[in-house]
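J.: One structure is given below, represented as C-alpha cells, and several questions about it will come after.
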Ligand SMILES: Nc1nc2c(c(=O)[nH]1)N[C@H]1C(S)=C(S)[C@@H](COP(=O)(O)OP(=O)(O)OC[C@H]3O[C@@H](n4cnc5c(=O)[nH]c(N)nc54)[C@H](O)[C@@H]3O)O[C@H]1N2
Ligand SMILES: Nc1nc2c(c(=O)[nH]1)N[C@H]1C(S)=C(S)[C@@H](COP(=O)(O)OP(=O)(O)OC[C@H]3O[C@@H](n4cnc5c(=O)[nH]c(N)nc54)[C@H](O)[C@@H]3O)O[C@H]1N2
Ligand SMILES: [Mo]
C-alpha cells in the first residue's frame, strides 16, 4: 500500500509515494514554481542495485592487515558482521592514533552528503573524530576554492557575497542590464546546500525581460542562460581579458566613476597603470582582448558604454574561478563593477554565483538553523581541500598557501563519509596512486561509488529517506521535516549509529551521544534553537506534526548597500575598510601567479596556448543538468541522458563532421593524462572547438587493476589537471581541460559503474578456514 511522505533534498522539497520500501513517485513541493528535474532520480533510489547492503572489508586488508597498496579498487570484498566491523575499525583507529598521532587521520571528508541538520555525514564524522583527539582537516571547498581566499582580502568576506546577495526581486525591478560571465542558468540554481523550497531564477529573469531589461550571456554554451539573451561565446578562460577591455573603455572614455573609486576603494591608481599598459607596456584595449577571446572589439566598446549608461549588474559565475588563476575573475568582476560605481545601488553592482546556486538572490533567514554541536578540533593541521593527492603523495613537503608556508602531514588513515573523491577530485589516476600510499581507507556510503570500491573498510549508510531528520538552508524560508519513509534497507545503518558504536568501543560514547538517540537529538537541537530565538516557534512535536515551519527572512536586500551609503560607518573587513582593487597584503606575498591587483594570466588549459596543438578541443567539465554531482547517477533523469549507457559529450556540428562522427556514436576522449568513453551529442549551442562533458558519471575503469585504465563511462576527471589555482588559494581547477576526441571502433566495454563489486560471504572466506 503506497503511503505519502514529505522530505527534502539539496535540489528541492517533495512529497513521495512510498511503496514496498522504496520511493515509487515524487510530487514537487506545493510552493515550488519551478521544481528541479533532479527529483526524477529519486524513485527506486532506496532499493537501487548499487546500494551497499552490509559491512564489507577489502580482502587484502583483511588478510594482510593495513598498509600501502595499489590493489585498492581491484579486489573483492568480504562481507562481515556489524560487530566485526566495529571491532576492526575501532582497533585500526586506535592503532593509527597510538602509533602516529591524530594528525595521521585525514578526516576532512569533503562532499555534499545529503540534506539533514542531524544526519549530516561530515558533522557526525567530525564530532566523532574530535572526541578521539582530532584529525587533519581541510579549508574551503571545490565550489569556491579561489573565491574563499581572495574575496575576504578584496571585500572582507566571501560568505556575504552569497548569503546577503541582492535579491532577485530587486534585480527584476531595478536592473536594466545583466552582464553574466558564465551565464545565469537554471541548471545549477536547482541546488542549494541544505535544500530549497523555491526556485525563483527563471521567473525573475522573465520579469526583468518583460520590463525591457537586457541579458548578455558571456559563455561558451548557449544554454547557460535560461530564456532569451544576447549570447556571446568567447574562447573559454578569457573572461578576465574581456573584463579588462571593458574596464579600459570606461577608463579612457571618462566613464569610470572616479568618486566611487576614491571614496569606496583603494589602489585603483596602481591597477590603472596596469590597465593602460603603463606598468607592463600592454594596454588592455578591446583589440587586445578581441585577439584573445575571439569577441569583436567593437562589441566590447559598445557594451562598456551601455554598462556605464544603464543600471548594470556584473555577474561572475563560480565556474570562472575553478580554473588556474581562478582568483582573478571574481577580483576583476568586482573591480569592473566598482568602476561602474553602482555597487550598493538596487539592481546594480556585482553578483557572484547567480545561476551557480539557488541561494543567490534568495532572502537570508533572520535566524540561525538548529545545529548539531561540533566541538573543537585539537589538531591544527590542514590543507586547502583540493590538495588531497598532493598531501598523500608528498608527506613532509612544504607548499604555499595564502601567505604562509605549510607542510603536508603524513597521513596513514583516510576517512570519508558523505563525499566522493572519485567524483570531485582531478586526475583520478593520480588520486588512485595517492590513496595507495596510506594504510587504511574507510568509507561510509549508501552506494557502491568508486570511492567505496577503493576503500578497505566499507560502512553501509542509510539514505535520508530511511531516518528521521529535518533540514533547511540559510537562504530558504522553510524548515522541512524529513520523517523516515521506510526502515533502513538491508543491513544499512545511520552514520550516527555507526559512530555511537565505535565511540563505545573507544571509550567516548557518553561524550558522543550525551545519552540521546537520534530522535532525542532532533528534539534537543530544536529546543535549544527555539530557546535562543527572539520570536515564538511551535514546540518540536507541533512542528513535526505540521511537517514544515516558515521562518522570517530579511527581504529586499541589495549587496553592500550599507557600505555604499556610509563606508566609514560600515567599513568592509579589509585592511583599508574599502574594496581593495590593489591589495598590499597580497602584493606582499610576492607570488608570481597572483599579484597585488587583478590581472590577465595566460591560462594553463586554453585554446590559445601551445598545449592546444595536440589537444585541440576545450572541454568544459561543468556541473551536470541531470543530477547533483555523482549522486543518484543510476537514477532515471541521469540515465535518460546517457548515450549507449555513456555520459553525453556535446560537440559542435563542425567539429563532429571534421572527425567523421555522428550523434549517438561512442567516442574516446583523451589527453596525456587519461581517457574515457562518452556518447556523442551534436549541438550548435556551443562555440566551435569547445566540447562539454559534465562531471558525475561514476568512474568505471575498464581494467580496475590498471591505475591508468580508460573510464568506460565518461568521468571527465580522468582528464583534468591536479593543480591549484595559484600559490594564494590552491583551489580546485577542474572546470577546464584540453582534449582530443576520436571515434571508438573497438568492441564496446560494458558499463559496470552501478554494479556492486564482488563480495564473498564470510563462510566462503578462505581467511576464516
Ligand atoms: N572536473 C570537475 N570536477 C569537479 C567540479 C567541476 O566543476 N569540474 N566541481 C566540484 C564541485 S563544485 C564540487 S562541490 C564537488 C562535489 O563533490 P562531492 O560533494 O564529493 O560529490 P557528491 O556526488 O555530492 O558526493 C556525495 C556523496 O555522499 C553520499 N551520501 C549522501 N548521503 C549520505 C549519508 O547520509 N551518509 C553517507 N555516509 N554518505 C552519504 C552520496 O551517496 C555521494 O556519494 O565536485 C567538484 N569536482
Ligand atoms: N544540476 C546541478 N546543479 C548544481 C550542481 C550539480 O551538480 N548539478 N552542483 C552545485 C555546486 S556544488 C556548485 S559549486 C555550483 C557550481 O556552479 P558553477 O561553477 O557556476 O557551475 P558550472 O556548471 O561548472 O559552470 C556554469 C557555466 O559556466 C560556463 N563556463 C565554464 N567555463 C567558462 C569560462 O571560462 N568562461 C565563461 N564565460 N563561462 C564558462 C559553463 O558553460 C558552465 O555551464 O553548481 C551547483 N548546482
Ligand atoms: Mo560545489
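Every residue, even glycine, has its Cβ placed from backbone N, Cα and C.
Here's the feature list from TrEMBL:
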- 7-47: domain 'Molybdopterin oxidoreductase N-terminal' (DOMAIN)
- 52-505: domain 'Molybdopterin oxidoreductase' (DOMAIN)
- 112, 322, 420, 424, 467, 495, 717: Mo-bis(molybdopterin guanine dinucleotide) binding site (BINDING)
- 617-732: domain 'Molybdopterin dinucleotide-binding' (DOMAIN)
- 748-769: region 'Disordered' (REGION)
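Please situate the listed features within the shown structure.
T.: Summarised by DSSP class, the composition of the domain 'Molybdopterin oxidoreductase N-terminal' (7-47) is 5 helix, 18 strand, 18 coil.
Mean pLDDT, taken over the domain 'Molybdopterin oxidoreductase' (52-505), works out to 98 on the 0 to 100 scale.
A simple way to gauge crowding: the CB of residue 424 (Mo-bis(molybdopterin guanine dinucleotide) binding site) has 25 other CB atoms within 10 angstroms, across all the protein chains here.
Remark: secondary structure over the domain 'Molybdopterin dinucleotide-binding' (617-732) totals 14 helix, 31 strand, 71 coil, with classes taken from DSSP.
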J.: Are there residues of the same chain, six or more positions away from residue 717 (Mo-bis(molybdopterin guanine dinucleotide) binding site), whose CB falls under 8 angstroms from its CB, and which are they?
T.: 422, 423, 424, 425, 426, 427, 428, 621, 695, 699, 734
J.: Does residue 322 (Mo-bis(molybdopterin guanine dinucleotide) binding site) have same-chain partners at least 6 apart in sequence with Cβ under 8 Å from its own Cβ, and which are they?
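T.: Correct list: 142, 143, 145, 146, 731, 732, 733, 734, 735.
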J.: If you run the three-state DSSP split on residue 420 (Mo-bis(molybdopterin guanine dinucleotide) binding site), which class comes out?
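T.: Its secondary structure by DSSP: coil.
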J.: Across all the protein chains here, work out how many other Cβ atoms are within 10 Å of the Cβ of residue 420 (Mo-bis(molybdopterin guanine dinucleotide) binding site).
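T.: I get 26 for this one.
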